[in-house]
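Quick look at what Swiss-Prot annotates:
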type     : residues : note
SIGNAL   : 1-29     : signal peptide
DOMAIN   : 243-347  : domain 'Cadherin 3'
CARBOHYD : Asn265   : N-linked glycosylation site
CARBOHYD : Asn419   : N-linked glycosylation site
DOMAIN   : 453-562  : domain 'Cadherin 5'
CARBOHYD : Asn545   : N-linked glycosylation site
CARBOHYD : Asn685   : N-linked glycosylation site
TRANSMEM : 693-713  : transmembrane segment
Amino acid sequence: MTNCLSFRNGRGLALLCALLGTLCETGSGQIRYSVSEELDKGSFVGNIANDLGLEPRELAERGVRIVSRGRTQLFSLNPQSGSLVTAERIDREELCAQIPLCLVKINILVEDKLKIFEVEIEIKDINDNAPNFPTEELEIKIGELTVPGTRFPIKTAFDPDVGINSLQNYKLSPNDYFSLAVNSVSEGAKYPELVLERALDREKKEIHQLVLVASDGGDPVHSGNLHIQVIVLDANDNPPMFTQPEYRVSVWENVPVGTRLLTVNATDPDEGFNAQVSYILDKMPGKIAEIFHLNSVSGEVSILKSLDYEDAMFYEIKIEAQDGPGLLSRAKILVTVLDVNDNAPEITITSLTSSVPEEGTVGREIALIDVHDRDSGQNGQVEVFVLGNLPFKLEKSIDQYYRLVTATSLDREQISEYNISLRASDGGSPPLSTETHITLHVIDINDNPPTFPHLSYSAYIPENNPRGASIFSVTAQDPDSNNNARITYALTEDTLQGAPLSSFVSINSNTGVLYALRSFDYEQFRDLKLLVTASDSGNPPLSSNVSLNLFVLDQNDNAPEILYPALPTDGSTGVELAPRSAEPGYLVTKVVAVDRDSGQNAWLSYRLLKASEPGLFSVGLHTGEVRTARALLDRDALKQSLVVAVQDHGQPPLSATVTLTVAVADRIPDILADLGSLEPSAKPNDSDLTLYLVVAVAAVSCVFLAFVIVLLALRLRRWHKSRLLQASGGGLASTPGSHFVGADGVRAFLQTYSHEVSLTADSRKSHLIFPQPNYADTLISQESCEKSEPLLITQDLLEMKGDSNLLQQAPPNTDWRFSQAQRPGTSGSQNGDDTGTWPNNQFDTEMLQAMILASASEAADGSSTLGGGAGTMGLSARYGPQFTLQHVPDYRQNVYIPGSNATLTNAAGKRDGKAPAGGNGNKKKSGKKEKK
């Protein structure tokens, strides 16, 4: 007996040990905690570090963290204490509704080992909700003939809590006619019913006020009240009855909104108002009323909102049928939602390494990927793979986790960046798939310096620019990446006119945009040479340079300056001499002006603005030569005043004026004597002088009117002949003003003396001068003159058509040419032809301008003449052959000197406006006139 017991005890002990071992092995990979709902954020849940066998400090070192699938994080890890704590306030009713056991599963990832531990946390319910009726008041109509013992169902209260904290009992306020009966069903729900204890008498009491109290079993106890108003009516002793107490229906989750599910039906054997049945949807269980709709008249149940199998797989709908007086009955509808493959797989990058060195080994971990599909069954089976022929592969980890690793060695010289595409497909029909992309950079070293696309750059900026204006932008490229390709720009330090280059321009170190730090002046300097350095941010940094030439463009910001006649300092006006015997075209003087600008801004034209004797003098449009327009008469005043305007061709044009005084006399003593004799004779008889002036004004007006008529007739006649010439095709084309630009950047002369010489023996033939009786104070536009000259030249050509000799260009006057010793340059050592053309280099131009300025100053002082000796270009004697032009600045580029193949001369014939003898035999003698 003892041996048997021992054998039996040993066998039982062995079975017990085996069972305990199995339980320990089963629970070794799962951790479970419990926590109450509505705890504050950071409340303790469990010591996760201890349960994982780790120290708290190892949580951060080994990358221990919580991973979840798209759900809001309810818990977090405390790295200091190694505890699992709440991440926010948890509401069990929102999380699990009325499920008795509320479990939340989370995954703990140990990243260094790529291990995942599953943790289950039970959310315990607390009594934080009171029972609540769907309405605060209920009206029940009962016939007075209703027999005692009749039961009247009452709307139930709803408490979202579970267990003892849920709804436990109902209590009715004390009264003489009604009592409360509570029915319990298998699911544990309690349905209150109002029981009539004694017959009602409407004549005694028509309305009864009752209060129904619903209480839960929590601590403290919560309760809710329903105010019941009983109205006594005539008899209605039959409530509506459903055809079946429970309806079942299945529906696919993707059915459209508005789809009819089924139609419920309830009947009432009463008649009239007592038999009118209406259907009511019980709104207590959460959001059922938002998803389903019950027609109160027909009993048709339809869908109000799209169904989702992943949100809810099953719905229980409670409905009521109520007749007219208020009797009702209950039924329920069970809706099963069927799954369809409407969810594509979800790919979550749990851990990612964005860059790897090119010398990395095979099998290096790049990313940890979680793949999940919310569908069920075959629709939730997922496969994942790498797209394309890339040196990467996926390795299966635990659960639905995969590791992305390198399959071969990487070579940055071939590919510096990989765009890895992952595709996950489920097993549904048709299958759904999802793609995600991972960008992987291969780490490089700084082995490439920045490079510019061009060897050098040229930039242009107009002068008088605002400070801070953007000038130019340079861009360099670096094939490296990250800091090795981050380029900064700088200017190499240098000086310009004694000032540091950084005071003129600056460069944005990030964008390479150059800015002007001051306003540039074309007359001060015309170009800057810069050296831009581009450096990367590698270690060590690499750099390269590029040259930038900055050219300043001229603007018309300088008005013409009058060199001759020079403005006196004592307030007096210089006097020019014109002999009485001067013929038309006699050169009285010449206005010399310069413009500090260049190009078109320095092209000068001359206009006669005002004259004391209109029609007596004319001014060359481009030469500034003041000549007599007609022969001097005895009636002409001894003293003539002229106002000459000099205007450049800039936009807008700038101008300057000078006043000339011309004395009509052969010598200075004569003009002094004549002016002295005129003083006393001007006063004797003012009345006779007034009469003479009136008669003179009338005569001049008549002459002017006749002159205008004759002039119009001549112009019409010439225009008619020019049209005939153009029609026949045998005429010579007019020679317009030149619009070519010279090699030194200055526009070519608009017209030349060679035109006059080649057309006629008379030097003034091609320049018809139209006397103006009245002069405005404004400048005559150049366009009006340019439009009139071709017509006049064409007429002269028509008149000379019969004589072929007149159409040949006269040879240039040799007196206008430079000898080898007189040529501007380094002591006349320059080589060139003997045509006397202007030198083209900038240095010689500046010397000639200074020479003209000095000569004009001497002429204003009376110490020299405009003529000078032969070969002096009409300047002072000290600028003759013995004085070269290499030491003086050149203003020639701003002085307008007409003539393409001739230069200034001292020949009397040319100065007086005489041309070489022509073929008409009317050779005129040159007057030997000199001027002061």
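Using N, Cα and C of the backbone, Cβ positions are placed for all residues, glycine too.
Here the glycosylation sites are Asn265, Asn419; the one with the fewest Cβ atoms within 10 Å of its Cβ is Asn419. On the 0 to 100 pLDDT scale, the domain 'Cadherin 5' (453-562) averages 89 in this prediction.
Asn265 (N-linked glycosylation site) sits 62 Å from Asn419 (N-linked glycosylation site), taking the Cα positions as reference. Cβ-based neighbour count (10 Å, all protein chains) for Asn545 (N-linked glycosylation site) stands at 12. Asn265 (N-linked glycosylation site) falls within neither a helix nor a strand when secondary structure is assigned with DSSP, and so counts as coil. Reported as a whole number, the C-alpha separation between Asn545 (N-linked glycosylation site) and Asn419 (N-linked glycosylation site) equals 35 Å.
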